[in-house]
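K.L.:
Here it is: the structure, laid out below.
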Amino acid sequence: MTQPYPDHIRLGPGEDSVILLDQTQLPNRLEERQVRSLAEMIEAIRSLRVRGAPAIGIFAGYCLYALSRQLEARGWKGPALLAELEGLGAALAGARPTAVNLSWAVDRMLRAARGSAGEHMSEALGRECRAIHQEDQDMCHKISEYGLSLLQSGDGVLTHCNAGPLATSRYGTALGPILLAQERGISLRVFADETRPLLQGARLTAWELQQAGVDVTLICDNMASIVMKNGWVQACFVGCDRVAANGDTANKIGTSGVAILARHYGVPFYVLGPTSTIDLSCPDGDHIPIEERDGEEIRSLWYREPMAPSGVKCYNPAFDITPHTLISAIITERGICRPPYSLSLPALFSPPQGEPSYSP
Ligand SMILES: CSC[C@@H](O)[C@@H](O)C(=O)COP(=O)(O)O
């Protein structure tokens, strides 16, 4: 059983609310939360109760559908309903800036609403949000297969933050190949960076892998160098929040440091993500908006006592950019892209002009 909590995002009864597993409570409590209002939905995204690039896109899709059901029940329809949904969509998309999947899903939902002639708008939205969720499951499964093709039994894999089922739908992206290997009896060892300041690696990745029976070792972020130096890591697998057209990749703060270490020790560094995370309209990493979060997350959040002097100045970016020059390959559901990414990434979206290079 490799999917400890497969339906962590779903519609509530009557389909006018959304239920999520509150990831801020893990690994200590499996606590679900039901959100009904726009304010509750935005709060859930901002406070990382639901998090991970594909997962917040899936969540936003369900939210817009649930909100459309509420509005239709109050008599809203036609252009007035569409205009209201556009406003709600913009508010949801603005909840977090870095992961492009959030605005990608909102745009997709609004396109479905605009094309819903002759039926209730919510019916079209219901189909679209379910499709977004289903497609993510399919994409993660394919990414997992491609990722696994890069590993051998006995390999050590280092990962940063959490790109498992909780960050997506099922399998995950960076953790997908590892969970698939486990299902197939292929043994891998995983080193999970704890991922300061919010400890997604310790709280979520270590929990998901442990639940699945994977051999996982939790390390502090500043231990990645020694485990690579010891020869225990044959590949780094990380997820992504936005991949620019040149391959520069935003992922959890600290990812670029892992890539630099991997280059130093000659370990391949792989980014895994669905094509919904590739933003060809963004030329390079300098154009990716980086979310900055409250310094309180560094000073005290996960500890009983403050762990730094009260009021000390903090710099708390939530993501960083890994330059494309440090990325060995980008693994998507459509295949494995190799450098130069300025050619291989656009090829993903125009198959007749050429396929990305696959390495089975
Ligand atoms: C498959 S999820 C990929 C990324 O979203 C993940 O690695 C990550 O950085 C998540 O950050 P978070 O701030 O917890 O949402």
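All positions are counted from 1 along the displayed chain.
Glycine is treated like the rest: Cβ placed from N, Cα and C.
Okay, so TrEMBL annotates it like this:
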ACT_SITE  ASP241  active site, proton donor
BINDING   ARG51, GLY52, ALA53, ARG96, GLN200, ASN251, LYS252  substrate binding site
SITE      CYS161  site 'Transition state stabilizer'
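What's the neighbourhood like for each of these?
P.N.:
Counted within 10 Å of its Cβ, the other Cβ atoms near ASP241 (active site, proton donor) come to 31, all protein chains included.
Using a 10 Å radius centred on the Cβ of GLY52 (substrate binding site) and all shown protein chains, the other Cβ atoms total 29.
For the recorded site, CYS161 (site 'Transition state stabilizer'), the DSSP three-state label reads coil. A simple way to gauge crowding: the CB of CYS161 (site 'Transition state stabilizer') has 29 other CB atoms within 10 angstroms, across all the protein chains here.
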K.L.:
Residues other than ARG51, GLY52, ALA53, ARG96, GLN200, ASN251, LYS252 within 8 Å, Cβ to Cβ centroid, of the substrate site?
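P.N.:
Filtered neighbour residues, in order: ILE56, ALA99, CYS161, ASN162, ALA163, ALA167, GLY239, ASP241, ALA318, PHE319.
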K.L.:
Which Cβ among the binding-site residues (ALA53, ARG96, GLN200, LYS252) has the fewest C-beta neighbours inside 10 Å?
P.N.:
ARG96
K.L.:
For ALA53 (substrate binding site), which of the three DSSP-derived states applies: helix, strand, or coil?
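P.N.:
ALA53 (substrate binding site) sits in a helix per DSSP.
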K.L.:
At its widest, how many Å does the recorded substrate site span between Cα atoms of ARG51, GLY52, ALA53, ARG96, GLN200, ASN251, LYS252?
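P.N.:
Between the outermost Cα atoms of ARG51, GLY52, ALA53, ARG96, GLN200, ASN251, LYS252, the distance is 17 Å.
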K.L.:
Let me know how many other Cβ atoms fall within 10 Å of the Cβ of ARG51 (substrate binding site).
P.N.:
24
